[in-house]
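K.L.:
One structure follows; several queries about it will come next.
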Amino acid sequence: MRSFRSSILLVLLSLITVLNATRARSETESKVHIVYLGEKKHHDPEFVTESHHQMLASLLGSKKDADDSMVYSYRHGFSGFAAKLTKSQAKKIADLPEVVHVIPDGFHELATTRTWEYLGLSSANPKNLLNDTNMGDQVIIGVIDTGVWPESESFNDNGVGPIPRKWKGGCESGENFRSTDCNRKLIGAKYFINGFLAENKGFNTTESRDYISARDFDGHGTHVASIAGGSFVPNVSYKGLAGGTLRGGAPRARIAMYKACWFHEELKGVTCSDSDIMKAIDEAIHDGVDVLSISLVGQIPLNSETDIRDEFATGLFHAVAKGIVVVCAGGNDGPAAQTVVNIAPWILTVAATTLDRSFPTPITLGNNKVILGQATYTGPELGLTSLVYPENARNNNETFSGVCESLNLNPNYTMAMKVVLCFTASRTNAAISRAASFVKAAGGLGLIISRNPVYTLSPCNDDFPCVAVDYELGTDILSYIRSTRSPVVKIQRSRTLSGQPVGTKVVNFSSRGPNSMSPAILKPDIAAPGVRILAATSPNDTLNVGGFAMLSGTSMATPVISGVIALLKALHPEWSPAAFRSAIVTTAWRTDPFGEQIFAEGSSRKVSDPFDYGGGIVNPEKAAEPGLIYDMGPQDYILYLCSAGYNDSSISQLVGQITVCSNPKPSVLDVNLPSITIPNLKDEVTLTRTVTNVGLVDSVYKVSVEPPLGVRVVVTPETLVFNSKTISVSFTVRVSTTHKINTGYYFGSLTWTDSVHNVVIPLSVRTQILQNYYDEN
C-alpha cells in the first residue's frame, strides 16, 4: 500500500511539475499581439512608425529587440502595430495611457453569367446604371483575399482607360509575380504574410504550394475579384452549363488585390491572420481604394470582444471614416438564428440568395415517369440501367437501409453496373461525396441522393451521374423500386434553366440574424446572388474548368454588392458610405424580380424576413435614385459606441476627437440606420430618424406603415416637405405593443413615398413583458 501511495505521489508531483513548466512556458512564449493606438496623431507615416518602434524599444530594452519583435506598423489609416510579445509584455504595454487595447492575433476564414441580367444590369440596355456610369470606370475596388491570377481573361484591360490619378498604390513583385503583371484593370497587388509566419513557425516558405506573392494559389481571391469588377469575357460556360458572356458588376472598375490569406497544407485549407488583414486595410486606405470587398469571416460573435475590441471591425471603422465603403460577407453558418458575422454598424453585411437559374437533370424511371433532379452532370447520357436501393445495411446490430453514409457497411450488396438510390439528413457535401466515391469504387454507374431540399450545393464531381432530389421525390422513386421486379432508370445530362418558373430563395447556408451582440442593429443588411456563381479562378483550383469555376457562399454574394456599390460610387462620388448602404437597403426587392415571394431555406421553408435578407435583394437601378437616404457620420457611430457602454477615452482615441458620452447613455435605437429593430419592447418607446433628400429639390413625402403583428406604430410628422433650404428632416416613431406575453420577432415596414420613390425600411419588433428572461421552451 505504501508503495502504491508513493507511486501516486510521484505521479502527482510529476504532473504538477509539467503544469508549472507549461504555465511558465506560456508566460515566456512570444505570440503576435495587436497593439491598437486609435486615430493616428501625425500625418507623416515614417514618424508614426518611428513612434511605434520607440514605444516597443522602451518596453523591450533595445532598438534591436524592438526591430526583431515588430511584425507590422499600422501608419496610414490608423495608428498601431503588431509585435511578438509575451503575456507579461503585452500586459505592460496595455497599461500605457496612449494604448487603447492589446489583444492576441486572431484568424479569419474564407467565407458570373446570369447574375447581372437577373439584377437588371444587362449590358445590352443603353439606358441603365451600368452604362450611365461608364461601367464603373475610375472607381477602385480593393479586395482582401487569397490573391489574384493576373493572366485570367477577367482582368484584361481592353478598352480600359488610364489608371486613375488618385491611385497611390503599386504592384509588388514576388514569387511568380512581376510588377508588370498588373495593368490598367488590375492596378495594384500586395501581399502580407508576416503575421501568418509568426503564428506558424513550422511553415516552410520554400516548400509551400502557395506562392509567396500576390499570386493566387487557392482561386478564391481571383473568383471574388472577377465577380466585383471583372472585364467582359465572351463564350464562357461550365462544361456547357450557365453559358454566356462573363463579366463583373462594374466591368471597367479597377481592381487592387491585397493578399492576406494563405494556404497551409497542415491546416488543410486557407487561413488569414488578423494582423495581416489589418495591414492590408491600412495599405488599402493609403492607396486610395473606393470600395473594400472582404469575403472573410471570423467566429460568430458570442462574447463581448466585439467592435472596439475587434481589430477587424476597428480597422474597417477607419476605412469608413476615410470615405471607403466596406462590404463584408455575413457568413455561411445558416440557417440557425444569430449566426451572422461582421455585425458592426459601419460594415455593409451581405446575405446570399439563389439565382433564378437551376440545372435540372432528367431522371426517367422504367414506368416513364420523369423526375427533374438537380446536378451539374455534364457527362454522356446514362441509358436504361438497373436501379437499386440498398436494404438492411447493418452496423452494431443497427439497420441503416438506404442511408447514404452507410453504403460501405454492406460490401456484399452488389452495386456494380447499377444506379443507387440513398437518403441522407446530412447538411455536408463531404458525406455525400464519400457515398459517391464508394458507389464508383463498387462499380456503380450513378447515384440518386434524396436529401433535405435546403441543401442546394452540388455534392459530386461533374463527370459522375450524381443527382439530388428532395425527400418527396426520393420516396416516389423508392416506391417505384419496391413495386417493380426489375426497376431501371435513365439519367440525362444537366441543362440550364433561367427565369420563370425558377424561384429565388435565401439559401440555407447564409447566416441569419438577429445580431447576436447588438440586436438593435439589423444584420444582415442586404442580400445578393451567391449560389453557383460562375467566375474566374486559379488553375490550381480543383473545380477549375478552363480558368473558371462555379462556387457558392456569402463570399460570392459580397462582391456582387461591391460591384453594385462601384457603379453607384461612379454616379454619386460625393455620397458617404452610409448613404450607399441606405440607398440599396431602402430600394431592395422584397419579392423576386418576377413579383413572387422570396422564401428562406431552413429546417422548413418559410417566407423571408429581415433577419434572412436585411432590406431584401439588391435592386441596382432603384438604388441609383433612392429619393431619400438615412445618412450617418461620426456622431452616429459615437452614439452607437456610447450606447454599447464603451468608455470616453477609448471612443476618443478611436474617432480622433474628444468624446464625452451623455449620462444617462443614449439609446442605440436612435442610431440613424435604414431599419428599426426593437429587441425588448415592454410598453412603449419613441425613437428618431433623419432623412436627407437626394432627389428633386422640391419634394413632398408621405408616410405609410405596415406594422408588425400586435404592434402600434405612430410616425410624426406624417408628411415631410423638402425644398432648397430644407434638405434634411427628422421624424419620430412611437412604437407600442398590445401583446401581454413575451413574443418572438414580428416584422413590418415603414415607407416614405412621393409617388415616384418608395423609401422602405424594415421594422422588427419583439415584445418582452418580462425583461431579461431566457425562455428555454
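Every residue number used here counts from 1 along the chain in the order it is shown.
Every residue gets a Cβ built from N, Cα and C, even glycine.
In case it helps, Swiss-Prot gives these features for our protein:
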ACT_SITE  Asp145  active site, charge relay system
ACT_SITE  His220  active site, charge relay system
ACT_SITE  Ser555  active site, charge relay system
DOMAIN    32-109  domain 'Inhibitor I9'
DOMAIN    115-624  domain 'Peptidase S8'
DOMAIN    403-481  domain 'PA'
CARBOHYD  Asn131  N-linked glycosylation site
CARBOHYD  Asn204  N-linked glycosylation site
CARBOHYD  Asn235  N-linked glycosylation site
CARBOHYD  Asn397  N-linked glycosylation site
CARBOHYD  Asn412  N-linked glycosylation site
CARBOHYD  Asn508  N-linked glycosylation site
CARBOHYD  Asn540  N-linked glycosylation site
CARBOHYD  Asn647  N-linked glycosylation site
SIGNAL    1-24  signal peptide
K.L.:
Using a 10 Å radius around each Cβ and all protein chains in view, which of these recorded positions has the most neighbours: Asn131, Asn204, Asn508, Ser555, Asn647?
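P.N.:
The most densely surrounded of these recorded positions is Ser555.
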K.L.:
Rounded to an integer, what is the Cα-Cα distance in Å between Asn131 (N-linked glycosylation site) and Ser555 (active site, charge relay system)?
P.N.:
26
K.L.:
Quick check on the glycosylation sites: of Asn235, Asn540, whose CB has the lowest count of neighbouring CB atoms inside 10 Å?
P.N.:
Asn235
K.L.:
For the domain 'Inhibitor I9' (32-109), jot down how many residues DSSP puts in helix, in strand and in coil.
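P.N.:
Taking each residue of the domain 'Inhibitor I9' (32-109) in turn, the totals are 31 helix, 26 strand, 21 coil.
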K.L.:
Spatially, which candidate from the recorded positions Asn204, Ser555, Asn647 is nearest to His220 (active site, charge relay system), comparing Cα atoms?
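P.N.:
So, spelling it out, the nearest of the recorded positions is Ser555.
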K.L.:
Distance check, please: Cα of Asn508 (N-linked glycosylation site) against Cα of Ser555 (active site, charge relay system), rounded to an integer number of angstrom.
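P.N.:
Pair distance, Cα basis, whole Å: 14 Å.
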K.L.:
Provide the three-state secondary structure of Asn647 (N-linked glycosylation site) computed with DSSP.
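P.N.:
Reduced to three states, the DSSP call for Asn647 (N-linked glycosylation site) is coil.
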K.L.:
Restricting the comparison to the glycosylation sites Asn204, Asn235, Asn540, which residue's C-alpha is spatially nearest the C-alpha of Asn647 (N-linked glycosylation site)?
P.N.:
Asn204
K.L.:
Per-residue pLDDT averaged over the domain 'Peptidase S8' (115-624) comes to what?
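P.N.:
Across the domain 'Peptidase S8' (115-624), the average pLDDT comes out at 88.
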K.L.:
Through the lens of DSSP with three states only, how would you label Asn204 (N-linked glycosylation site)?
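P.N.:
Assignment for Asn204 (N-linked glycosylation site) reads coil.
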